[in-house]
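The following features are taken from TrEMBL:
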- 13-186: domain 'Hydroxymethylglutaryl-coenzyme A synthase N-terminal' (DOMAIN)
- 95: active site, proton donor/acceptor (ACT_SITE)
- 129: active site, acyl-thioester intermediate (ACT_SITE)
- 188-470: domain 'Hydroxymethylglutaryl-coenzyme A synthase C-terminal' (DOMAIN)
- 221, 269, 273: CoA binding site (BINDING)
- 264: active site, proton donor/acceptor (ACT_SITE)
């Protein structure tokens with residue numbers, strides 16, 4: 001049939017290609033959303049209850065997309081004892097554009113210079129919040145292709161989400177996620193199980209080249225998100241049903257087939273509504289749902305609704321959020337840790353949700369589970385796909401090491417510094433006034449950054465950016481679990497034994513300077 005391959009081809013692919021290691025970076029400062037409600041003069045609960053947000057991370061003018069990505073990549077490499085020579089592809093997904101030509105990936109190549117490795121494929125991918133997923137798919141596809149040379153792929157998703165003053169500002173955030181991709185991964189992509197929907201819409205876009213702020217049609221954005229979710233879920237279920245039929249398995253795919261379900265999270269309340277939306281899909285697609293007992297009980301009044309008429313139907317929304325509350329607690333709530341505490345990170349948002357699930361469960365709880373992932377980017381592009389967690393959750397396994405590297409996420413979030421809404425507003429004003437300035441020295445404090453963070457030192461008269469890294473040997477405590485390269489234990493071997501590695505060395509100079517121009 002179209003789209004299928006002979007079994008002999010499948011047997012030649014690398015096995016269990018997926019995510020081997022992850023690293024998350026969030027800024028060292030945040031504003032409390034309850035305090036922001038009072039500062040903005042809105043009703044109590046508008047941001048905290050209505051949006052489901054507790055804190056919002058943000059960057060001063062000392063950080064930009066290049067520095068975020070430099071930080072998260074170096075931390076991933078150091079914490080996992082990886083050699084830069086073992087990476088053959090580097091993909092960046094971002095919508096935070098500071099140069100219309102030069103990619104963030106090229107800036108990251110400065111981290112590879114000491115190793116001498118310049119044979120690294122990949123560049124940046126851009127489409128709103130979907131760019132990180134596109135970059136991840138490119139990396140997975142590369143490992144499974146004839147182009148693969150046996151080395152790892154490295155994927156970076158990073159963004160700074162800022163809005164003009166008004167109702168959208170509390171849905172901002174910032175951060176980056178780095179993912180190491182290769183075979184024999186503890187989080188393996190289920191081959192052939194992707195449901196994608198792409199369409200044209202002006203729901204959220206950034207046409208103003210001199211501003212960080214987007215143009216947003218809030219109502220249309222929600223409709224696009226939910227309609228894409230409907231379409232992707234339908235395509236995904238058709239594909240898994242076809243697979244089951246080929247395997248001679250009877251079954252109807254539903255939320256019960258996922259151990260966890262994670263979503264792109266512009267704000268937490270939309271994610272809760274999204275899980276309810278999938279339950280609505282299951283209910284309407286079922287030929288004879290049990291409406292006397294179980295999760296569908298009491299939903300008779302909604303049996304004949306048309307899915308496309310329900311995007312803003314409060315009765316449907318309320319009924320299915322109530323009916324899916326237990327499923328939400330079991331499958332999705334844990335994924336909102338970073339989203340609730342740091343806000344929307346754009347491209348890394350859904351991967352911050354994935355990391356949140358891993359950080360709050362034991363390897364034994366995760367082993368063998370199917371994780372559904374819904375990624376959405378305005379404009380619009382969306383995919384729902386699934387990851388299968390390895391069955392091996394024993395101590396020392398790849399899954400155990402991945403979970404151990406993320407279990408300190410709650411402590412990292414708690415180690416940040418809270419600032420007042422007034423300081424936050426002043427910082428946003430500074431970013432707005434200095435955006436894309438040349439011959440500029442940033443004014444933000446370096447002392448507030450976490451140890452080991454890359455930061456912007458200046459932008460010269462030709463718009464070339466220079467960066468330095470804050471010392472790891474600093475008086476301020478490290479984020480919990482963060483170790484320098486001299487302490488990192490090498491526990492992830494190269495996919496091919498012949499790949500050279502750099503032995504662990506002692507810590508280098510306290511400040512290393514880089515640029516995105518001549519150096």
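Numbers here mean position along the shown chain, with the first residue as 1.
Each residue, glycine too, has its Cβ placed from N, Cα and C.
Neighbours of the CoA site: apart from 221, 269, 273, residues of the same chain with C-beta atoms within 8 angstroms of the site's C-beta centroid are 222, 225, 226, 266, 267, 270, 271, 274. Among the residues the record lists as binding CoA, namely 221, 269, 273, the two farthest apart have Cα atoms separated by 14 Å.
Within its own chain, residue 221 (CoA binding site) has 203, 204, 266, 378 as residues 6 or more apart in sequence whose C-beta sits under 8 angstroms from its own.
When each of the recorded positions 264, 269, 273 is scored by how many other Cβ atoms sit within 10 Å of its Cβ, 269 comes out lowest. A mean pLDDT of 95 is what the model gives for the domain 'Hydroxymethylglutaryl-coenzyme A synthase C-terminal' (188-470). Annotated pair residue 264 (active site, proton donor/acceptor) and residue 129 (active site, acyl-thioester intermediate), C-alpha to C-alpha distance, rounded: 8 Å. Residue density at residue 95 (active site, proton donor/acceptor): 27 other Cβ atoms are found within 10 A of its Cβ, drawing on all protein chains shown.
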